[in-house]
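Pulled from TrEMBL, these are the features on record:
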TRANSMEM  A:12-34  transmembrane segment
DOMAIN    A:72-262  domain 'ABC transmembrane type-1'
TRANSMEM  A:76-96  transmembrane segment
TRANSMEM  A:108-129  transmembrane segment
TRANSMEM  A:141-163  transmembrane segment
TRANSMEM  A:184-207  transmembrane segment
TRANSMEM  A:239-262  transmembrane segment
Amino acid sequence: MTLNQQRKFKTLIIGFFSWLVACLLFFPIFWMFITSFKTELQAISIPPTLFFEPTLDNFSIVQERSDYLKHAMNSVVTSFGATIIALIIGVPAAYSMAFSPTKRTKDILLWMLSTKMLPAVGVLVPIYILFRDNGLLDSRIGLVIIFTLMNLPIIIWMLFSYFKDLPKEILEAARMDGATPWDEMMKVVLPLSIGGISSTGLLSIVLCWNEAFWSLNLTASEAAPLTAMIASYSSPEGLFWAKLSAASTLACAPIVIFGWFCQKQLVQGLTFGAVK
Amino acid sequence: MNIFAKSTVTCAVSFATAIMATHAAAATEITVATVNNGHMIEMQKLTPEFEKAYPDIKVKWVTLEEGVLRQNVTQDIANKSGLYDVMTIGMYEAPIWAERDWLQAIDVSGDYDVEDILPSIRGGLSYKDTLYAAPFYGESSMVMYRKDLVKNAGMEINDRDSWDHIRDVAAAVHDPSNGVYGMCLRGKAGWGDNMAFMSTMANSFGARWFDEDWKPQLESAEWKSAVNFYVDLLNKYGPPGASSNSFNENLALFNEGKCGMWIDATIAASFVTDPKQSKVADQVGFAQSPYKVTEKGANWLWAWSLAIPAATKNADAAQTFIRWATSKEYIELVGNKNGWAAVPTGTRTSTYENPKFQAAAVFAEAELKAINSANPADSTLKPSPYVGVQFAAIPEFQAIGTTTGQMVSGALAGSMTVDQALKSANVSADRQMRQAGYY
């Protein structure tokens, strides 16, 4: 086998496994999508049916039973709201730690990351009581606060690693030209790391959109996002897979379309940086 | 029009709008937390009828998965958050929460006709003779079987057959090569899953959860005999992977024609006889649950019910809603709109006396018989200190029941022996009861 043939073979193998992994990851979504067009009986039939007469009944049932737009609006407001606030806090925090580190910076970063290791249910009761006492239960503001806090560690970590990759000489040059720390951040660091900030923001939006634990525990009728809508279709006594799949398809659609348009930035941002 | 006239018109319009807004705002809004069961969804759809009858009350719905609902309403009620004005609870929670003053008593005055509610259901939802949750639909458990398969096998199923006979029928109809399994039963771990069924089976084998001193009895000969019988029955004649099956999985199997027999909630009768859902709708027979040494506690009793948390600020509106949703008139409304086979059952005597319901629901008689034969206050052969057929109405039971369910499910899956499973469950239950200060 010549070197060229070896290279081609390697590419073929890598391509095959990439497609295999992609298909494995995509299969549950594909199955959910086709199940949403089945009747409840077809959805549970064994062996599973691949060819069937599709029906839109499940979508009309979901539309009739749930206020989809209200849930979707709650998801949009809480995901984007929490991401914007987290970026407003996270960018200066990561900037200061990346460009003016102290001997405790590493400890602070590790401590922030350690908060992600605590199971959320461990702090459910204190947070629930705090929310109750401050009138934040079942409110969008409450969810925005909890989503912001939930995503801050990961946002700061990601931004920190992007900022660390920027050459210090550029900042020194800016200082030589009389730039203040504010100018440095706004006119030098941010324009240079806009790709990283965008991908961090996108990741945060996706994490907020998919969040279910706090959404289910801290909301009821007013602020419940799409994840709560999906959960409402699970039934202890009765067939529900087709309707649940329709609700999930509707809930996934906006973020999938959004991700489709932004995938270039997302991949670029996630693969950019020294620690990747 | 001069400026004065314009201003006057503007003021008048603003004033009228303000009055209308005030009027709209004056309507009381109540939030109802419920589970995604067919009857509950129907109630949700019929809400406009309620709002038409009571224009001052608006109803908002929060539908949750059963486990999440339990967690959310418990959190809400224990912390007095007042998120919900009406909550859907079961027969397990009603007496426990009523004892702690977490619930408001149901207003049964006037034309509500509380005497019409089935006595066993009323008793299970009462604390010190006061009703704390109004039943929306009730259920017991019974045998659902394929008449065609049983007949072809030359067998017969009757009310209250012995467990030995049921095992023989399961063996006779078991035909895995044609995708038919003799017996489908719950195997998935959980106090409301496999242990709901297992408790009734153990009751009929003469077992009890606790003795008179609240000591767990899971290592008794009766429990061992019942769990061994159950594991053996499912391993020989059950579907593959039975340890992960619960109500919905067995419903799917039965509707697909893959179960010879299925013992589960009576509510399933309306699903398995519905041709839109079931491939074997015209071949289903019903019989009372089997027994071994006693008929006591051989079938469970449960009611999904509506209750009012003590912390609600809209108690009057909540009472009005519950009285409407659990009334005879509501059942009549559903019957007239959706057909009498679709009405919520297991709550009122008048439903079973209604000729339209009798004609529409082939399972009516079997269901009523099962519900009436269950007695939560006397469900074990030997004396026991607790109330409840398939559970013991004490706060510690959820954890004890779920741990025991995990062990029994493990024994069914073959990861441990029945003796090991019951020993571990008993040790765990004993620890919990000691910690809770029962002895």
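Cβ coordinates come from backbone N, Cα and C, glycine included.
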Take a look at A:12-34, A:141-163, A:184-207, A:239-262 and tell me which one has the most Cβ pairs under 8 Å to the transmembrane segment (A:76-96).
A:141-163
Cβ-Cβ under 8 Å with the transmembrane segment (A:184-207): same-chain residues at least 6 beyond its ends
79-80, 82-83, 86-87, 90-92, 95, 99, 150-151, 154-155, 158-159, 162-163, 166, 170-171, 174-175, 255, 258-259, 262, 265-266, 268-270, 272-273
In terms of Cβ proximity under 8 Å, which residues at least six beyond the ends of the transmembrane segment (A:12-34) contact it?
50, 245, 248-249, 252
